[in-house]
Amino acid sequence: MRISKAGLLVVLAFLAPVLVELRTVLAWVNIELSVLETAIIGGIIIAVILVWAFLPENGDEEGAERDVSNSEL
Amino acid sequence: MSNAYIDKFPAEAKVVKAAFYSSFLALALGGVFGVIQTLHRTDIYRFIDSADYYTVLTAHGVFMVITFTIFFLVGVFTWAVTTSLDRGVEDIRFTWSWVGLMTIGTVMAGVAILAGFVDSIDISASVLFTFYAPLQAHPLFYLGLVLFVVGTWVAGADWFRSWWAWKKENPDARIPLPTFMVLTTMIMWYIATMGVATSILVFLLPWSLGWIETVNPLLTRTLFWFFGHPVVYFWLMPAYLLWYTMLPKFAGGKLFSDPLARVGFVLFLLLSTPVGIHHQYLDPGIAEGFKFIAMTNTMFLLLPSFLTAFTVVASIEHGARQRGGTGYFSWLKSLPWRDPVFAGMALAGLLFAAAGFSGMVNAGMNINYLVHNSLWVVGHFHLTVGTAVALTFMAVSYWFIPQVTGKELWNRSVALIQVVLWFIGMTFMTNSMHRAGLIGMPRRTAEPQYTGFEFETAVGSVGELNAQIALGGVLLTLSLVLFFANIIGTAFGSRSDNLPDNGYAEALSGSDDAPRVLDNLKLWTAIAVVLVIIAYSLPLMSIVDRGGLFGPDITAFPANLESVRFLAFAVEHLGTAALESAGTLAWNTLPEVIR
Ligand code: HEM
Ligand SMILES: [Cu+2]
């Protein structure tokens, strides 16, 4: 994993305001999404993040970071 | 043997625990009413009568923002003073006396509100948590509020007492930061509650007892908001205290700057009260000029707000780098997201930033007209008090409850999910509330839809907005259920020796770097009082001048109900008497005429 499980949870949570506001922002440029379309886009983004998160790591450098973020204070 | 709060201060731990549990009870009640009204006003699920909506709304508002928040913060303050002065309270019976006063007050006010649901009891207090005239509650409600507020005054006296005793033994030492924060907040609270005390004791209570017939509604509104803005800082300051003195510790670092923290609190003390009129931009009877002064003062509040944002984020970043974080943004990954206390407080801070933006809209006199009394405002304060404060309190409970009970937290993963769920639920609920407000949907109504009128949405439909509000409300309720499961699970656990030490964050730049004058509480109090006098004396005088101290002069024009009824009676009787005599006269004279 490239990010701690808790970190992943927080990233996914942060997606909620982004998605919810995205619909309004896009309306300004005359792209009107329905709820379903927004949900589908959300699903795709979540899937991409999940794939990225579970991709095996390439460098050792990040491994060190992950260890820190996993530790409990 | 651990070094938890309960080990060092067992007697005080009981007080703090009692305060926390009282606040959680209020949170539970408030949550139940919250979801009822959410589902009702969005017309998704209704089982109460719309006529009872205001009783529900009053219960939700009062239990959440008076009982839950204030009971929690007196617990935090007691912990902060005892921990940072490293001494117990001076007299534990004195301490219990204010807990008692606050509890009795809450029960009285709560009974008065809830009695509104029972038709056979002639008591009600469906006056909303803003309780100004013309809405009138049963005297029990006002008396309860008085006892509750007096309880907080005595609590403040308790903390000042501790500080004075400590100062005698440490004449030259700086006030420890947490105590400094408690004392400045309490000075602000003493000034602020003068407004609400006057409003209740001089006007509302005598009025509800029937001792006086009328009040000046604008005066009671203005006195309420004199208190109503600083009360939001009374909720926020404890959250700030926790962000400044605890969050850096949970992040693994130190507070960035003790002097900046002190400056922030001094500024809040000065600026919290002379701004209340910004809640009355739409009140007729207050001149625009006074509103403009209130707006200017409000904008100055941005300064300590930004100071806080900067200092807190800098401290967190310091913590992340201590934990090995690097880079411009990748240090964020090194933060202890697994820790529900940290994650909850950080997410609360994040949504608070969003609240700052909608708050700027509220604060501007001209655009306030766009959102005033709309659902936008409800969206705004569920981000501030409903998240920045409430989520911080819930998250930090996961640290505090073990400290004051001596028991380990029941389940950390459930706790993490709980805080994340609150964040998501509030995102959904407040986003749609803001948007509904922008299209003019009113707050404080069971029936936001009107016949023959369609709201025009910018994006989506009204039905979608309502569904999103309800979705958020349900997620929040779920989050509350998880919270209480954890608290109850912890309460029934067994004593543990494996608890983190009690304590708070050290500062990178400590109190030695803070100018001495910052600790001169008398000076700041004096300036705060002067600012309040400048901001309020002229508006109050003109309100009394125009509307009378107890309402308009009733001799010139029969304005009150009693005299109207009397007048009607008089008109009726004199009228019928006149008609009668006219009839008799006609009856007697008619035969004469005919003859
Ligand atoms: C389960 C979570 C919650 C839900 C579902 C919820 C829902 C609502 C709704 C829908 C309203 C607006 C009703 C209307 O104007 O017609 C409202 C009002 C309010 N809420 Fe909440 N809320 C929740 C949590 C909180 C929290 C945690 C706080 C504060 C600590 C809070 C404080 C308030 C206040 C002060 C009002 C205004 C009452 C009034 O207008 O007199 N709420 N809530
Ligand atoms: Cu305000």
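Each residue, glycine too, has its Cβ placed from N, Cα and C.
Copied over from TrEMBL:
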DOMAIN    B:20-485  domain 'Cytochrome oxidase subunit I profile'
TRANSMEM  B:18-39  transmembrane segment
TRANSMEM  B:59-82  transmembrane segment
TRANSMEM  B:94-118  transmembrane segment
TRANSMEM  B:138-160  transmembrane segment
TRANSMEM  B:180-204  transmembrane segment
TRANSMEM  B:224-247  transmembrane segment
TRANSMEM  B:259-279  transmembrane segment
TRANSMEM  B:299-320  transmembrane segment
TRANSMEM  B:341-361  transmembrane segment
TRANSMEM  B:381-401  transmembrane segment
TRANSMEM  B:413-433  transmembrane segment
TRANSMEM  B:523-544  transmembrane segment
Intrachain neighbours beyond the transmembrane segment (B:341-361), with Cβ under 8 angstroms and 6 or more residues off its ends:
239, 242-243, 246-247, 250-251, 305, 309, 312, 316, 335, 367-368, 370-371, 376, 379-381, 383-384, 387-392, 394-396, 398-399, 415-416, 418-420, 422-423, 426-427, 430, 434
So if I exclude everything within five residues of the ends of the transmembrane segment (B:94-118), which remaining residues of that chain have a CB under 8 angstroms from its CBs? That is, six or more out.
12, 15, 18-19, 22, 26, 29, 52, 55, 58-59, 62-63, 66-67, 70-71, 74, 78, 124-126, 137-138, 140-141, 143-152, 154-155, 158, 161
Across the domain 'Cytochrome oxidase subunit I profile' (B:20-485), average pLDDT on the 0 to 100 scale:
95
